[in-house]
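Record features (TrEMBL):
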type	residues	note
DOMAIN	39-74	domain 'EF-hand'
BINDING	Asp52, Asp54, Ser56, Phe58, Glu63	Ca(2+) 1 binding site
BINDING	Asp91, Asp93, Asp95, Lys97	Ca(2+) 2 binding site
Amino acid sequence: MSMTDLLNAEDIKKAVGAFSAADSFDHKKFFQMVGLKKKSADDVKKVFHILDKDKSGFIEEDELGFILKGFSPDARDLSAKETKTLMAAGDKDGDGKIGVDVKTQLSR
């Protein structure tokens, strides 16, 4: 399954483009722009599993830095600051990783 099986390709392109500048990433706006806020919890979980590159059931900080590439291969990497901000927003128990249920909450 690819990201465009779940989300509109044009929405992804616009969202990735909107955050192409370093340190401009805002996860709430990004997830809204790609259409995740309108998706069912099941679809959001499918997106999570696409982003979980090592298939561990969690997104760790090293995977998080490449999250935009999960939506579009030519997207930029997140900066260290953006990655830490996103991790802080999603890692509610402080274990250094984001689980599928927390990711679902981040997109809402």
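Positions of Cβ are set from backbone N, Cα and C atoms, glycine also.
What TrEMBL says about a protein is an automatic prediction, not a curated fact.
Across the domain 'EF-hand' (39-74), the DSSP tally of helix, strand and coil residues reads 20 helix, 3 strand, 13 coil. Sequence-remote contacts of a segment are chain residues at least 6 beyond its ends whose Cβ falls under 8 Å from one of its Cβ atoms, and for the domain 'EF-hand' (39-74) they are 1-3, 6-7, 12-13, 15-16, 19, 25, 80, 83-84, 86-87, 90, 96-100, 103-104, 107. Summarising the environment of Glu63 (Ca(2+) 1 binding site), the number of other Cβ atoms within 10 Å of its Cβ, over all protein chains shown, is 18.
In sequence order, Lys53, Lys55, Gly57, Ile59, Glu60, Lys97 are the residues of the same chain, not among Asp52, Asp54, Ser56, Phe58, Glu63, whose CB sits within 8 A of the CB centroid for the Ca(2+) 1 site. Calculated from their C-alpha atoms, the gap between Ser56 (Ca(2+) 1 binding site) and Lys97 (Ca(2+) 2 binding site) amounts to 10 Å. Here the C-alpha separation of Lys97 (Ca(2+) 2 binding site) and Phe58 (Ca(2+) 1 binding site) works out to 6 Å. If you average pLDDT over the domain 'EF-hand' (39-74) in this model, you get 94.
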